[in-house]
Amino acid sequence: EFGQEHIVKYLVESCNHDINVEDKYGNTPLYMACIYNHLPVVEYLTGQPNCNINSNNERHPLLAAADKEHLEIVKHLIESTDCGINAKGRDGLTPLHVACFKNNIETVQFLTSSPECNIEAEDNDQNRPLHLACESGNVDIVHHLVIDKHCDVNAKRRDGLTPLHLACFKNNIETVQFLTSSPECNIEAESDLQSRPLHLACQSGNVDIVRHLVIDKHCDVNAKGRNGLTPLHLACLNRNFETVQFLTSSPECNIEAESDLQNRPLHLACQSGNVDIVRHLVIDKHCDVNAKGRNGLTPLHLACLNRNFETVQFLTSSPECNIEAESDLQSRPLHLACESGNVDIVHHLVIDKHCDVNAKRKDGLTPLHLACEKGHFEIVKILTNHPQCNTEAEDNYLNDRPLHKACESGNVDIVHHLVIDKHCDVNAK
């Protein structure tokens, strides 16, 4: 650890210490010398006939040297010992994997200069060195592996992701540009979840990569990936406003595309709560503000469910917005707002927009039932202070009233309010 070569020699030669002894973490003296970049100690230890150079555990000396970017030690272990250049650690990573991930171009060049080096070695997740180079974003390493070493640019790891997928997801624009310049590169490669590189670029939100793939490489802007989500769906879901603006500027872009769950981009924008995206889709692109998605939920339903107050305010400012739209279960936006517990949204819907405080779902539950069931005291007060609120409304199945739900949830403040302030029947059956 401290590089005291003379002490190491004394302990080995005069005290007959075991040079392969492991500490409680499994570290050998050679491993520690590689970690701390003590080349003379490494040279001495590896010169001993009984030195275990190819450790069987994850603490392999060569992997340690590659990880810490100690090139001279890497060279010594490869050139002067029988250290295995393709040694694998716990995760199946080889020294070349590690050097690629660490952005160490000199170590990569040295390792790949050896005819024994397996440049297409796979780790436990079937990542090849090129995958990790694209993930870490060193375009010089990527160039070396693809051009000089002819690595497979379309190799898929266990989940079906190619190097291009990873470069897109990690926002490495130079790497993306280089990979797509190769005539062999499949720019529409699909992962096991049917995601294409453009999907991941839209998910991560690098508009320059998205622009390159769509404009320069003519990627399909409406390609459907996992669950039928298009690039626009993913940009909306991940709140990437610039990406949304760019995609919707394309005349080919289907702004009303439906996923497998019948959700449109506007649904996901309202779910994630970026009001700028919502405004752009509704005002600039004229998306249907009342479109029904999964379970019959409208954009307003989803904004209420996900407590996105600004989005709710914007949607309800539209004269086309149906504030009393019913889902498949006959839930209205106010039901979901009372269930999710955003006081500002409930106040806005009840006071500003005059939503029906007694509207019943298919099961007969009113907004007050739901607020009591979820223990949202401030919302209960807003509802019960409304002159038209029926505090004794019964559901359709068990004849439960709001007080029943409040007692079930155990919120004593709500129970006290209903009984003392609102005189609810404590003996209701």
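A Cβ is built for glycine as well, from the same backbone N, Cα and C atoms used for every other residue.
A TrEMBL annotation is a machine prediction, not a hand-curated record.
The shown structure was predicted, so the numbers you read here are calculated from the model rather than taken from an experiment.
Straight from TrEMBL, the features:
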type	residues	note
REPEAT	91-111	repeat 'ANK'
REPEAT	125-158	repeat 'ANK'
REPEAT	159-179	repeat 'ANK'
REPEAT	193-226	repeat 'ANK'
REPEAT	227-247	repeat 'ANK'
REPEAT	261-294	repeat 'ANK'
REPEAT	295-315	repeat 'ANK'
REPEAT	329-362	repeat 'ANK'
REPEAT	363-386	repeat 'ANK'
REPEAT	398-429	repeat 'ANK'
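Highest Cβ contact count with the repeat 'ANK' (159-179) among the listed stretches 91-111, 193-226, 261-294, 295-315, 329-362 falls to 193-226 (criterion: pairs under 8 Å).
Long-range Cβ contacts of the repeat 'ANK' (363-386) within its own chain (Cβ-Cβ under 8 Å, at least 6 residues beyond either end) map to 329, 334-335, 337-339, 341, 343, 346-347, 350-351, 357, 393-397, 400-403, 405-406, 408-411, 413-414, 417-418, 421-422. When pLDDT is averaged over the repeat 'ANK' (193-226), the result is 98.
Secondary structure by DSSP for the repeat 'ANK' (398-429): 18 helix, 0 strand, 14 coil.
Per DSSP, the repeat 'ANK' (295-315) is made up of 16 helix, 0 strand, 5 coil.
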